[in-house]
Amino acid sequence: MDNVLPVDSDLSPNISTNTSEPNQFVQPAWQIVLWAAAYTVIVVTSVVGNVVVMWIILAHKRMRTVTNYFLVNLAFAEASMAAFNTVVNFTYAVHNEWYYGLFYCKFHNFFPIAAVFASIYSMTAVAFDRYMAIIHPLQPRLSATATKVVICVIWVLALLLAFPQGYYSTTETMPSRVVCMIEWPEHPNKIYEKVYHICVTVLIYFLPLLVIGYAYTVVGITLWASEIPGDSSDRYHEQVSAKRKVVKMMIVVVCTFAICWLPFHIFFLLPYINPDLYLKKFIQQVYLAIMWLAMSSTMYNPIIYCCLNDRFRLGFKHAFRCCPFISAGDYEGLEMKSTRYLQTQGSVYKVSRLETTISTVVGAHEEEPEDGPKATPSSLDLTSNCSSRSDSKTMTESFSFSSNVLS
């Protein structure tokens, strides 16, 4: 997120043109109140919603799947950015005066890039996981430990990418106010600044969206456009339907992110083409609207999960059960939905390889949690009743194979 704040300083053209001029971006009180209400909605909805998402996944063993760990990372990044940067962005954009000191100036320009990087590459990791599970079902899947390592690598790369902008951030005292700005090394045509901003835009927007778009296109063709050979039982179609729902949900999440951030990146690349853009009187209102849209991307995912996924909906209902207009629902579904799947897995082993190996991110008939209980031959004996010894052995071996490819 190059410039969420870096170029906040550029919003005031007098920073780079005439540091003795007073702040020319002043708006009536009623506009400030309306914008304040709009930004407050983002902070409250994002922080509360994403914290509930993290609780739903981490507090329920059946929800601790590999891909759900990436959703936890996504929720953490978005809640953090909403909590630490949205209000500061708003106050600085409205008053064009920095109240928070040098340290927070550096953090303010540094953290949003890291958070957006972590968010989009968490979505990329989910897309890659879906791609491998559906297109290459027999390939080894990430373990819980490997998933945590990937998340750590994402954050290390995010911090490295954001470091230059934080390092060169500084405050400057003017006759009537203090501003937070970025002092890039001197070079003709601001080459360092341009190269950095273009690289950041490519790395946190266009490149990951290209990868995600390819992955979900191939997955979509496989799940919707192709006739999948094998057993055509109701159980089989039920599982494929569940997988389609999850892919639809993640596509909505990615498209929402892309739509929210596109105007922001365009806004901060245009001045390299038209340097006088920030001198326009209307630019502050345009910036506030574009920044609100970008920041609002942090609050939509919990709403999407709640609307499109049954198990998240149960979790949200339980979290807000104290509200008079919300019914708690069957909270046990969060823990028990996977149990039925576990008990019946052996009996549906004969369906196609795709059915036994595709796993979903969340919802009924999902992948088993990495740290969840594993099925044992004895549990299969309970479902097969008085089967012969040879039948029991066959079912045990079949289930063992199925469990291996699902994990």
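The chain as shown is numbered from 1 upward.
Cβ coordinates come from backbone N, Cα and C, glycine included.
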Among N18, N385, which is annotated N-linked glycosylation site in Swiss-Prot? N18
Could you let me know which of N14, N89 shows up in Swiss-Prot as N-linked glycosylation site? N14
Quick check on P271 and R62: does Swiss-Prot annotate them with the same topological domain, i.e. the same side of the membrane? no
According to Swiss-Prot, C180 takes part in a disulfide bond; indicate which of C105, C255, C260 is its partner. C105
Same-chain residues at least 6 beyond the ends of the transmembrane segment (107-128) with CB under 8 Å of its CB atoms are 1-2, 4-6, 67, 70-71, 73-74, 76-78, 80-81, 84-85, 88-89, 100, 150-151, 154-155, 157-159, 161-163, 165-166, 169, 180, 182, 200, 203-205, 208-209, 211-212, 215-216, 250, 253-254, 257, 261, 361
H197 (CP-96345 binding site) sits from C180 (disulfide bond) (Cα to Cα, rounded, in Å) at a distance of 18
Mind checking which residues reach the transmembrane segment (65-86)? Cβ under 8 Å, same chain, six or more beyond either end. 4-5, 39, 42-43, 46-47, 50-51, 53-54, 57-58, 107-108, 111-112, 115-116, 118-119, 122-123, 125-126, 129-130, 141-144, 147-148, 151, 154, 295, 297-299, 301-302, 305, 359, 361-362, 366-370
